[in-house]
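Asks: Look at TrEMBL and you will find 24-43, 55-77, 107-128 tagged as transmembrane segment. Sequence annotations record features per position, and here TrEMBL assigns domain 'Rhodopsin' to 38-146.
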Amino acid sequence: MPASEASISPERMAEYSGDRLRDVAIAFTVLEFLAVGLRFISVRIGHEVIGLDDYLAVPGLLCCLALNTAAFVGIHVCHLGYHLDFAQAIEPDVLVTWSKISLAVPILYSAACAVPWIMLLIMYLRILSIPWLKPYRMASYALMTIQGGHCIDVTLFYRWGSMPNILIDIAMLFLP
């Protein structure tokens, strides 16, 4: 037993919460496949034309699966669920891999939220063609083409990253 591991109490070593993360990731993986599968089954049964919103279901599913995969990799490779000092005692380089995953997760989370939202909004546009919304839609398309991005501040992203999600959810509540 390494010296750093010897200083950790057996009770602290036994504390593990990775099972909950694993269970949630498995549940979401099943639900995501079920939702996308049912969407394509309904299109087939209804003899509908596959629209842009249906095509976006696949990248949305892939983004969500990438987020779930990051959870599984974190559990199995980075020992997520254990205390950091214990995980480092087991494998000293675990912090490097954990840092890489921690940087990828907010980006994956944004994509996993944005793509399904865009899909839903396109589906709303297909179902509810409202002429007076066209200028707002065109302005949104124009805003998406603006150039000049830069690297993200991960700390600020964690702090304020959920704010757009909340605002979009509230805005979607007011859609017909």
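Every residue gets a Cβ built from N, Cα and C, even glycine.
What TrEMBL says about a protein is an automatic prediction, not a curated fact.
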Asks: Please give the average pLDDT for the domain 'Rhodopsin' (38-146) in this predicted model.
Replies: 87
Asks: By DSSP, how many residues in the domain 'Rhodopsin' (38-146) are helix, how many strand, and how many coil?
Replies: 88 helix, 2 strand, 19 coil
Asks: Looking only at residues six or more beyond either end of the transmembrane segment (24-43), which have a C-beta under 8 A from one in the stretch?
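Replies: Residues 50, 54, 57-58, 60-61, 64-65, 68, 71-72 contact the transmembrane segment (24-43) from elsewhere in the chain.
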